[in-house]
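Read through the structure below, which is laid out as structure tokens, and then see the notes.
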Amino acid sequence: MKKISLPKIGIRPVIDGRRMGVRESLEEQTMNMAKATAALITEKMRHACGAQVECVIADTCIAGMAESAACEEKFSSQNVGVTITVTPCWCYGSETIDMDPMRPKAIWGFNGTERPGAVYLAAALAAHSQKGIPAFSIYGHDVQDADDTSIPADVEEKLLRFARAGLAVASMKGKSYLSVGGVSMGIAGSIVDHNFFESWLGMKVQAVDMTELRRRIDQKIYDEAELEMALAWADKNFRYGEDQNASQYKRNEAQNRAVLKESLLMAMCIRDMMQGNKTLADKGLVEESLGYNAIAAGFQGQRHWTDQYPNGDTAEALLNSSFDWNGVREPFVVATENDSLNGVAMLFGHQLTGTAQIFADVRTYWSPEAVERVTGQALSGLAEHGIIHLINSGSAALDGACKQRDSEGKPTMKPHWEISQQEADACLAATEWCPAIHEYFRGGGYSSRFLTEGGVPFTMTRVNIIKGLGPVLQIAEGWSVELPKAMHDQLDARTNSTWPTTWFAPRLTGKGPFTDVYSVMANWGANHGVLTIGHVGADFITLAAMLRIPVCMHNVEEAKIYRPSAWAAHGMDIEGQDYRACQNYGPLYKR
């Protein structure tokens with residue numbers, strides 16, 4: 001089957017159409033803006049899969065309806081999913097704008113004095129607002145000379161932020177969320193909302209019973225040679241942790257081997273269900289070889305599977321990581337307990353950064369007073385105001401140990417195309433695989449156990465659905481924290497020390513939900529959250545605006561907030577603007 005092509009970014013150079021001197025004097029400068037924009041994006045961006053982003057420039061500058069239509073025809077034939085219109089001069093507003101209502105769009109009006117690029121920008125944005133097709137405004141802070149072909153830093157930041165978020169929108173459109181199973185233990189996020197996926201994300205939901213996973217394992221609907229490779233890889237790389245089960249629940253060596261084999265098979269089969277596997281077609285299993293075109297998935301597990309079969313912890317953790325027995329590769333997005341809304345937050349984070357995501361319970365707020373009472377030691381540094389314990393038995397990516405290193409040698413989580421095999425091995429070496437606790441998981445399994453290094457910047461996010469309002473997004477930028485070993489051991493032992501831990505300290509503002517760490521925990525909208533590497537809350541805000549998802553909680557500096565220009569017409573309070581604009585325009589793919 002032909003592989004679906006990646007979305008491209010279309011660059012639209014627009015120009016004053018008056019011939020006999022005006023247009024001719026602007027052709028080169030206008031087209032150079034388009035070429036510079038394309039070069040910037042091509043150099044500095046990649047798709048989440050690691051492929052270079054392609055830009056498509058209109059064949060000619062656009063002065064009116066005819067050239068605009070010719071540009072649209074070219075873009076339609078080349079899978080353009082995002083557009084950036086550029087100009088250094090006055091042009092004819094509504095005659096030259098991109099009118100596709102579902103395609104993210106921005107306009108860069110050159111800040112120069114010779115020609116009124118700012119005037120076109122304002123006129124075009126007014127047309128967008130009047131027609132109900134929001135667009136992002138890009139206008140440099142400082143005046144440039146007409147022959148200056150450089151892109152100022154503030155313009156570059158907006159171009160790249162818009163492009164990252166726009167490509168995320170385009171990449172999700174037409175894909176599916178694979179729901180393996182149904183509702184897990186009454187968790188609301190696993191009550192998968194088809195309307196949300198269809199209307200806000202442009203995605204479908206593929207619902208598959210967990211018996212399909214059972215069938216694939218039992219009937220050997222997988223690559224048997226790959227299974228042997230996966231087992232050999234696990235034998236080489238897995239370190240096993242303490243078995244905390246009572247003696248009557250401990251498994252013997254043969255039973256543990258069977259659990260490991262099934263856990264790896266679950267990873268293989270869920271992957272094949274998501275993206276397909278041509279090896280299955282070679283076995284005559286053509287239907288199964290196609291997969292479900294899934295860009296994200298969730299596995300119910302508890303309790304209808306886990307009371308009898310090995311849990312999904314190993315499968316989920318490996319799929320969400322940037323490496324496995326096939327080497328370093330793009331992480332998948334698989335939500336434990338089929339929490340589709342946390343899965344969407346994971347999907348957003350992966351699409352924006354290309355990195356693996358940490359899925360976790362937002363489990364416990366530890367106040368400085370409580371920590372000192374329990375451990376006899378005081379919190380300090382980033383942790384001085386308290387910490388949140390992020391921990392879950394399931395799908396935290398092994399990258400979350402933060403054994404990868406940035407250019408300064410600091411711990412981080414890299415995009416998969418930057419990860420070396422040595423860094424992947426270091427993450428594996430920092431992970432123990434602990435037998436699942438029988439009281440929770442009667443069918444057994446292995447949970448990954450690691451501790452995230454401290455001082456790493458993270459952004460915690462979550463999507464929630466509110467009846468009568470729709471989806472909302474929560475964002476909390478902060479840092480991982482490294483506690484003294486004795487303190488960590490005492491606190492960790494009070495929950496489940498066989499699971500991966502990240503100690504998280506959000507950045508406080510002294511206001512609202514970020515008054516203190518307790519308020520962050522108290523205002524979090526669900527039991528799960530996602531950690532994405534870096535302080536990238538501004539990118540999430542831009543993406544949410546494109547999808548018409550209001551942000552109900554964030555601690556991003558106001559200067560970094562970048563939304564369509566029409567948001568400013570929805571009141572004077574910046575967050576109220578967001579709610580009113582999202583309500584006014586409705587979901588991007590409204591039905």
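Using the three backbone atoms N, Cα and C, a Cβ is placed for every residue, glycine included.
Taking Cβ-Cβ distances under 8 Å and a sequence gap of 6 or more within the same chain, the neighbours of E337 (active site, proton acceptor) are S184, M185, I187, G189, S190, G298, F299, Q300, G301, Q302, G394, H528. What Swiss-Prot records for E337 (among others) is active site, proton acceptor, and it gives sequence analysis as the kind of evidence.
As annotated by Swiss-Prot, active site, proton acceptor applies to D361 (among others). In the three-state DSSP classification, D361 (active site, proton acceptor) falls within a strand. Within the same chain, residues at least six positions away from D361 (active site, proton acceptor) with a Cβ under 8 Å of its Cβ are L390, I391, N392, N527, H528.
Taken from Swiss-Prot, the feature Mn(2+) binding site applies to E337, D361, H528, supported by sequence analysis.
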Using the centroid of the Cβ atoms of E337, D361, H528 as reference, list every other same-chain residue with Cβ within 8 Å of it (recorded Mn(2+) site), in sequence order. I187, G189, T336, D339, N342, F359, A360, N392, G394, A526, N527
Give the helix, strand or coil assignment DSSP yields for H528 (Mn(2+) binding site). strand
